[in-house]
Amino acid sequence: MRSGVIAQKVGMMRVFTEAGEHIPVTVLKLGNCQVVGHRTKDKNGYTALQLGAGARKSVYMPKAERGQFAVAKVEPKRKVAEFRVSEDAIIPVGAEIQADHFVVGQFVDVTGTSIGKGYAGGMKRWNFGGLRATHGVSVSHRSIGSTGGRQDPGKTFKNKKMPGHMGVDRITTLNLRVVQTDVERGLLLVEGAVPGSKGGWITVRDAVKKPLPKEAAKPGKFKLADGGDKAAAAPEATAGEGA
């Protein structure tokens with residue numbers, strides 16, 4: 001199981017195929033996504049990589065966080081996230097994961113925070129039909145109607161769909177196809193919409209419900225902290241090579 005990446009949502013556009021078909025895509029930017037720490041089974045009980053992305057001034061950080069980045073010899077990051085990985089998918093601390101970590105055509109799961117909509121009624125929040133436009137209904141056309149029974153059960157059950165705060169939820173969109181990658185600019189183009197607003201932080205992982213392409217790099221495509229070469233593409237293509 002490979003690591004995912006932290007990206008920032010740039011916006012949406014469309015790309016054209018050779019056949020003239022247009023594909024709506026979301027542009028995600030990998031802003032210096034580096035490995036800042038390891039989680040091992042012996043010490044932590046599980047195996048994971050801690051990644052960081054984006055620049056942040058150390059003066060605005062707690063001393064404890066500054067110390068963690070100092071130990072890792074990595075510049076302070078604005079966004080930090082953990083990704084569970086298998087023991088054979090460990091990437092060295094300080095390595096920068098590239099956009100070609102994902103290959104064109106593979107499917108990914110994208111997680112982000114949805115756009116906040118404030119206080120919303122039942123029709124907007126839950127797609128309720130509302131009441132009738134006429135025939136005795138006045139003022140309450142967009143109300144939700146009854147919320148429960150009579151004397152039995154004599155209450156409104158928990159988790160009943162009602163008006164309330166809408167948005168700012170953690171949303172995962174499954175099986176989005178990778179359309180293009182741009183290593184030089186650190187861009188990843190995925191088909192369809194991605195949850196969140198422009199500039200929001202997004203995590204991208206290999207799709208859980210789709211097979212990983214053979215061309216995908218293992219443990220990943222990355223650039224070492226000392227400026228070394230990136231890891232080679234696939235295990236069978238990297239025999240005898242060092243990362």
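Including glycine, each Cβ sits where the backbone N, Cα and C put it.
What Swiss-Prot records for 218-229 is compositional bias 'Basic and acidic residues'.
Annotated compositional bias 'Low complexity' per Swiss-Prot: 230-243, in sequence order.
Positions annotated as N5-methylglutamine by Swiss-Prot, on the basis of sequence analysis: GLN151. Around GLN151 (N5-methylglutamine), a 10 Å sphere centred on its CB holds 5 further CB atoms from the protein chains shown.
Taking H, G and I as helix, E and B as strand and the rest as coil, DSSP gives the region 'Disordered' (139-164) the counts 0 helix, 3 strand, 23 coil. The region 'Disordered' annotation in Swiss-Prot covers 139-164 (among others).
Per Swiss-Prot, the feature region 'Disordered' maps to 218-243 (among others).
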